[in-house]
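What TrEMBL records for 27-155 is domain 'Tripartite ATP-independent periplasmic transporters DctQ component'. Residues or ranges marked as transmembrane segment by TrEMBL: 15-38, 50-68, 88-110, 130-152.
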Amino acid sequence: MNKLARLVKGVSQHLDYLAGLCIVAVMLLVVSNVLMRVFLHRPILGTYEYVNMLTAVGIGLALAHCAYHNGHIAVDFIIERLSKKIQAVADVLTNVIALSFWGMSAWYVAKYAGTMMESNTVSPTTQVPLSPVVYMIAFGLLALSMVLSLRLTESLKRAFR
């Protein structure tokens, strides 16, 4: 495994760990809110917003690890019937399209986070600044783009063997 592959794997694993912590935090928050609502008649204010933010960050940070392990759904029953060379070319095209889309998405989400930071956009109930949440999602998309660039180099090697 080369340096780039090790870097991408390490980054995706660390982000997946953080995503797991977000999901655990969601679980603890929801359970705590229910218990406090039932027994103390005092719910945690802003639970809905916190759950939304933590879930969005969790999903954004977990994307790279999922892509690294090919954990996504792939419909390739037609491609499987083609020659190995054509399969490799199809992989190159798919990876170029995916990398272009997710790379641009990371860029525009980061720009949007910057706009949110400049305008001091906050959540309605808890008044938590939203730009750090959006920046974390953009970072997750950047990590996904790193995985896709690694996949692209691998598929280019297969296509030009």
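The backbone N, Cα and C atoms fix where each Cβ goes, and this holds for glycine too.
Unlike curated entries, TrEMBL annotations are predicted automatically.
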Same-chain residue ranges lying at least 6 outside the transmembrane segment (130-152) that approach it to Cβ under 8 Å: 4-5, 7-8, 11-12, 15, 19, 53, 56-57, 59-64, 67-68, 91-92, 95-96, 98-99, 102-103, 105-106, 109-110, 112-114, 116-117, 121-123
DSSP-assigned states of the domain 'Tripartite ATP-independent periplasmic transporters DctQ component' (27-155) in counts, ordered helix, strand, coil: 99 helix, 2 strand, 28 coil
Chain residues outside the transmembrane segment (50-68) and at least six past its termini with a C-beta under 8 angstroms from it: 8-9, 11-13, 15-16, 18-20, 22-23, 25-26, 29-30, 44, 123, 126, 128, 130, 133, 136-141, 143-144, 146-148, 150-151
For the domain 'Tripartite ATP-independent periplasmic transporters DctQ component' (27-155), the mean pLDDT of the predicted model: 95
